[in-house]
Amino acid sequence: MFKFWKKKTPVPEVAAEPPATENAAIAPETPAISPLPATPVEPVPPVVEATPEPVSEPMLPVAADEVPSAGTATGKKSWRERLAGSAFARNLGALFSRKPKLDEALLEELETTLITADVGIAASTELVENLRKRVNRREFDDAGQLLTALREALLALLAPVAQPLQIVAEQKPFVLLMVGVNGVGKTTTIGKLARRFQKERRQVMLAAGDTFRAAAVEQLKTWGERNQVPVVSQGSGSDAASVIFDALQSARSRELDILIADTAGRLHTQTGLMDELGKIRRVLGKLDASAPHEVLLVIDGTTGQNAINQVRQFRAAIGVTGLVVTKLDGTAKGGVVFALAKEFGLPIRYVGLGETLDDLRVFDAAAFVDGLLPERFSG
Ligand SMILES: Nc1nc2c(ncn2[C@@H]2O[C@H](COP(=O)(O)OP(=O)(O)O)[C@@H](O)[C@H]2O)c(=O)[nH]1
Ligand SMILES: [Mg+2]
């Protein structure tokens, strides 16, 4: 697999830091780390058999993004283009293109549209109730003005959570932990983020903390080789906390700016996953009490209201400081972003609007709302 990516370019060897004695104390169940100094990290035989994945192995963004072409040079798609397929955009567009009368029926249809687009009952009801009051006070002359008011209300909902990730230079390396259930886009997002940070001339290291699946480690390693980003790994089945601990030591001694750690999205049990995340946090804390500096929970934008449960669970297990909502292109309903903002108020750092590098965007509330609403409406 992935053979077609593999080029014979010189690759920076990631030498394993000699494990500190406290590492052994923290993770005594991981004897597989070689005590020899300056030995490249060799994959160790997996202790746990990786469960076969039902889905085909996804790719990190490589070729399409990095081969310059007319398309990528000029063709960054607008938010509207990317969000056009969402149920939110389509249904709202259909509702208002009929030039509806400003009446109770329109308000009810609007509420249904929002709920079916995953905005959530609470947020949808509140939004429409506020609009209804204003309709009753005769604040609007027509449906277009109602839509303008809806736009403002949606923006007000998202403005507090549109907080871009700030990399604090003093926290070096700045440790970014990616968490989220299987298949949401963690590893892909890591690749996109790493390239973004590289473009900002920051030195990045990756930690292959999804040790549950052999393919996940390979995926990250291959991507790292291709992009000259060092990847610390120990092969599938090894202890994730130990891999990430080693990576932090290594990133520190090499004075790198950012360490991004991948994690598993699923273990044998949900409790196992949450315990592992807790352990990663504890182990990192032994080296740097302030690490991880950002725990990014990745949410699949097509998940619907289950996203709410995922945030609750990961918050309880490890704490979450920011969200990435992926796959808002295509068939996503789009509204889950509002539901998350309403329910948690957690910063939304990035959104995924597609599979290319350019499609991981810093979350921009106005661009997002305007990308969902009908293009032309009278205010
Ligand atoms: N359309 C689309 N696909 C995405 C996006 N982000 C990730 N994916 C795809 O989602 C799939 C799973 O991604 P992966 O990073 O392996 O998920 P992980 O299990 O959380 O690490 C891959 O096929 C990715 O290409 C996005 O923003 N839009
Ligand atoms: Mg992954």
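Placement of Cβ uses the backbone N, Cα and C atoms for every residue, glycine included.
Where the annotation comes from TrEMBL, it is an automatic prediction and has not been curated.
What TrEMBL says about this protein:
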BINDING   180-187, 262-266, 326-329  GTP binding site
COMPBIAS  11-36  compositional bias 'Low complexity'
DOMAIN    56-98  domain 'Caspase family p10'
REGION    1-38  region 'Disordered'
Problem - Proximal but sequence-remote residues of the same chain as K186 (GTP binding site) (Cβ under 8 Å, at least 6 apart) - result: M178, V179, G180, D210, D262, T263, G265, V298
Exercise for the section: Select, from K186, T263, L328, each of the binding-site residues with a Cβ positioned under 6 A from at least one atom of ligand 2; if none does, say none. Expected result: K186
Fill in the blank from the handout: Here the 10 Å Cβ neighbour count for R266 (GTP binding site) comes out at 16
Handout entry: Cβ-Cβ neighbours of G180 (GTP binding site) (radius 10 Å)
Key = 23
Completion exercise
What DSSP gives for K186 (GTP binding site), in three states, is helix
Handout entry: Neighbour count (Cβ, 10 Å) for L328 (GTP binding site)
Key = 29
Completion exercise
For ligand 1, the binding-site residues of G183, K186, R266 whose CB is under 6 Å from one of its atoms are G183, K186
Exercise for the section: Could you pull the average pLDDT for the domain 'Caspase family p10' (56-98)? Expected result: 72
Exercise for the section: Enter the number of other CB atoms within 10 angstroms of the CB of G183 (GTP binding site). Expected result: 18
